[in-house]
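Per TrEMBL, the feature domain 'tRNA methyltransferase TRMD/TRM10-type' maps to 1-219. According to TrEMBL, the S-adenosyl-L-methionine binding site annotation covers Gly119, Val138, Gly139, Asp140, Phe141, Val142, Leu143.
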Amino acid sequence: MKFTVITIFPQLIEDYFKEGILSRALKKKQVRLKTINPRKFTKDRHQTVDDLPYGGGAGLVLKPEPIVKAIRSIKKSARTKGAMADKQRIILLDPRGKRFVQKDARRLARYDELVFVSGRYEGIDERVKHYVDERISVGDFVLMGGELAALTIMETVARLLPGVLHHPESPKDESFSDGRTLEYPQYTRPEMFEGRRVPKVLLSGNHQKIKEWRQRHSKR
């Protein structure tokens with residue numbers, strides 16, 4: 001799986017991949033990461049990627065030309081390498097997009113490359129939506145930009161890829177793995193903590209009873 005992120009703050013993305021599961025996956029070449037700064041596709045010496053919104057209003061809007069040029073360069077690079085167009089998905093992080101859920105992560109994990117278009121400031125020129133495959137939102141709240149949303153999706157997808165997690169069964173048991181159920185409560189040592197004890201069934205060694213307990217305590 002290759003992750004490509006169009007962002008004016010590539011360091012935010014790259015730094016996140018230096019720790020944890022994504023770092024290990026990167027080192028093992030289970031995932032690949034590329035960041036593209038749309039400033040590279042500007043014509044002026046200041047590398048301007050934003051401008052005032054038509055109609056007035058606060059803040060700045062990312063211009064369409066640098067973003068679209070970045071998207072086209074990614075598509076051209078994929079064609080040059082013989083990649084199939086239907087194995088690449090271009091995603092615009094947009095609060096008006098479809099709400100991201102675990103089912104989407106499973107769907108996106110089937111692609112060879114996911115390209116994320118990350119906005120900043122007051123957003124991206126609306127015309128950019130015509131150059132992407134879909135728009136995704138991670139929730140009804142306001143972020144400073146699309147980078148955190150992109151990282152959320154990348155981590156969720158990466159965890160589903162073969163070999164990324166140490167335990168292959170882990171994704172099957174976790175919250176929302178079936179699209180609707182929250183994972184059962186988890187406990188570890190010590191057995192007793194400030195008067196609160198681990199449920200006895202989890203200490204019984206009876207796998208069938210433990211399985212039944214976990215099913216009962218999973219929230220639907």
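The first residue you see is number 1, and the count goes up from there.
Using the three backbone atoms N, Cα and C, a Cβ is placed for every residue, glycine included.
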Residue among the binding-site residues Gly119, Gly139 whose Cβ has the most other Cβ atoms within 10 Å: Gly119
Average model confidence [pLDDT] within the domain 'tRNA methyltransferase TRMD/TRM10-type' (1-219): 92
Among Gly119, Val138, Gly139, Asp140, Phe141, Val142, Leu143, the record's S-adenosyl-L-methionine binders - longest CA distance, Å: 16
Residue among binding-site residues Val142, Leu143 with least C-beta crowding, 10 angstrom cut-off: Val142
Count of other CB atoms lying within 10 Å of the CB belonging to Asp140 (S-adenosyl-L-methionine binding site): 7
CB contacts for Phe141 (S-adenosyl-L-methionine binding site) [other CB atoms within 10 A, all chains]: 7
